[in-house]
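What follows is a single structure, written as structure tokens, with notes after it.
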């Protein structure tokens, strides 16, 4: 029921998300930032995304024109509105689900259902070593020592942390994969514009494969751990299993997305002071200083290193090259000083141009010689290749990469799950039929049902829905189309689930429950986390606040914004002057605008969260958890139950009177009328006339006859009082009273 209710609520979120995305499509070509990027051909020379010595070159900002346009689709003012809208939508959805859950619980008579009423699980009863009296029911039941269970729970928590650490290791592996893929792609001008996108998408696919594999492994492990912990009731077992699986799946599915959203590209430093993946880059030991001071710290392969060969490979003027290297003897002495085997005979003496002048060499010469030197390097291990690569965001910002990661993981997961919904039940049914080998002739209904596969319950359905709810709420600021894809998936999945539960699996055993248990607490936690996440996404990941502050302080039309956000590399740190994304001066220090922007970002997060949480709390107060009509029904039922209890006590007191009092009342007549009038008032809601006193009966025969007939009709219509000492064949009270009066 929750799945269908949730799918219905996805419709307004999907429609609004589609409108927000279309707004980005229609205004994309008027985006000032993309216009400046695309029109800046030759204007902004960007610093290499990796070190020059491993092949990365300077590049022009206009190379990523298309990427900047696409990034605007997911980073425009409409996404801010949509993040606020989805925060309110999530809270309102949960409030109305509480109302729906209360209606369902009342309809199926499960309101007030307590866990103490549950029986012990069969698996628990079979393995429990002791029998103890239940303090609530007073019945002896299987039991398991709480101290031993707590030790097992603690051991299970340790295993959970171990598995989550493994997930973090896989995330680091995916980061390294993206780095390794982006380097060769960026070296070719053909793929340079798409290098980052290709690396991100393929990395997301690899991450998805690891996620799905780890999900299956951990779900089986979590089930075994929860069984080992020996929980008494099915509710306790389900809650603990749900908690374990969700915590792991939360880290498994969302950790890579959180990394891109809040950490990637934020701690890399700047040219000359980069913070790297594996170690700190040391820009002070550049190759020009190495040549001047003879601080050779790399192995040089034993080859013929002639001036002519170098010039032929890298188009270096002969005289200029050896202006830097000076004489043959100085080169040989410098290399031999460090203990490397490089003999003077490898240089042709006739080719040496001795030039004692040590004027600075042109930058292209230094760059070419550095490339040659790396080619001559004998050690080519992964560490040397990776040590100077930085995990940076693309020119379009991190939000477009977040959208790519989210789309691949969310949509890919849906495709894989739907394929499993179709194929796995059929394969299991085929294998089950092959294993049981029942005769195909004259099979009874129960034999055909036995050939169906076991029903695995609704745990996977709840887990899939909760993870999807997290995707469309926590990171919706980066991907407004997420609710639309979720809606389309759920329409298909509802039909697949109907086919599976009705036609392909055995009927599930019904279990009483007042609500969905711990799943609602998880949904509520995700809704609150979504408010915090979207606030930080808007403030720190998107370009909304930097643009807004620039409009306020400089130009409302954002003219010059691109140039304003590109800093110059510090002098002497790069071979050529280049730009990089950052709010820094030429010395590498943060500009005053950066600190003002940081204050605005922090203020925005605080205001955003307080306003949204305040309105959500107001929605919680204004929308009652139980519908008013249902609340009236519940009050009416409680009133009737209370009245029935009082009436039952009164009737039992009347029925338990002694026989002699009963016979005396029959003889006197008046007491019978009082009794029957009392019973009539109980049954007919006090609609009968008031009881007639004894004096009226004696003085007025007609009144006596009328009262007798009225009382007889009331008793015959209402009840027949059971008498414990009534003899076989005796008549009811009304008949007995009538015969007495008639005589």
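Glycine too: its Cβ is placed from the backbone N, Cα and C atoms.
What you see is a predicted model, and the numbers here were worked out from it, not measured in a lab.
Ranges compared are 109-130, 131-152, 197-218, and TrEMBL records transmembrane segment for 197-218. Cross-referencing 43-64, 219-240, 241-262 with TrEMBL places the feature transmembrane segment at 241-262. Within the same chain, residues 156, 160, 163-164, 167-168, 171, 174-175, 204, 207, 211, 214-215, 218-219, 222-223, 225-226, 398, 401-402, 405-406, 409, 413, 459, 462-463, 466-467, 470-471, 474-475, 478, 517-519, 522, 533, 536-537, 540-541 sit at least 6 positions outside the transmembrane segment (241-262) and bring their C-beta atoms closer than 8 Å to a C-beta of that stretch. Within the chain carrying the transmembrane segment (153-177), a Cβ under 8 angstroms from the stretch's Cβ atoms is held by residues 202-203, 206-207, 210, 214, 218, 221, 225-226, 228-229, 240, 244, 247-248, 251-252, 255-256, 259, 277, 386, 391, all 6 or more beyond its ends.
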